[in-house]
């Protein structure tokens, strides 16, 4: 009888999770801007706290942040919409340029008596760089579509920041089973917030370093759309493991096609070097053991949240999974499931 009851509860829990995920998937147009606003508010909360500690009135700190966030969003939307439109119009020429570059390479190799033949027809049939460029355009326009309603998005962030001092206590009261558990739940919420703030803060710094490095490199090499590629590198660097690779491929392809092999290979080496230094030296040193997620879980979370919430889900995959792991750790009944998400180092 007890086994049947446990099985019934398990099946009921699985069904509830499936229904919730289906609801989130259907309501993605509402959920995605809300999540984006929530994480922006979480990132900005230490700034508000630092300003109020320096005796800046709370209302003035929020007003200044409102102006700053609005300017950043207007810049991003304006940049992506204007540059991406021009970039999209230039995509058809990439196939022709590829044929020219391969012809140049064939002539160079034949000059040194190296056998290499590849006809224009073969190139036209099997290689299409516009596929990569169209993907980049879709990603940019997708993100732009999410943040295009700047005013509403910023207002939600500001209201969240205004409610932040009391929101933690309210939420703790909702999830507490008894009044005596409120303080304990507040500590659990603090753990979630500190983990997410720490990760997003460090990731923002390293993403900014990557974006600035890419911009300086492309400007020095006179590669077209340098500001667009720098912005793309900044945004996609939030995607763990593969984000920097996704950002690097179209940059290298465009540099090879528009600027020639010399500059193209130079850009490839430069972009790889920037990502190696930031991703393998600076970020691990700053991050330390803060992440607490296994590599497999990071990759699977990227696929799952990307499927559920699109591009923004990929950007927020790690903080969402970190929040889930910490939330599972906070309850004795679910702590064992948190072990599945943790790094092997946590259990040594």
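Quick reminder: no glycine exception, Cβ is built from N, Cα and C everywhere.
Values in this document were obtained by computation on a predicted structure and should not be read as measured data.
Per Swiss-Prot, the stretch carrying the note transmembrane segment among 175-195, 196-216 is 196-216.
Looking up the ranges 99-119, 267-287 in Swiss-Prot, the one annotated as transmembrane segment turns out to be 267-287. Two recorded stretches are said to be in contact when at least 3 C-beta pairs lie under 8 angstroms, sequence spacing 6 or more; the transmembrane segment (60-80) and the transmembrane segment (28-48) meet this definition. Taking pairs at least six residues apart, the transmembrane segment (196-216) and the transmembrane segment (7-27) share fewer than three Cβ pairs below 8 Å and do not count as touching. With a cut-off of 8 Å between Cβ atoms, the residues of this chain six or more beyond the transmembrane segment (296-316) that come close are 21, 24-25, 28, 31-32, 35-36, 39, 139, 142-143, 146, 235, 238-243, 340-341.
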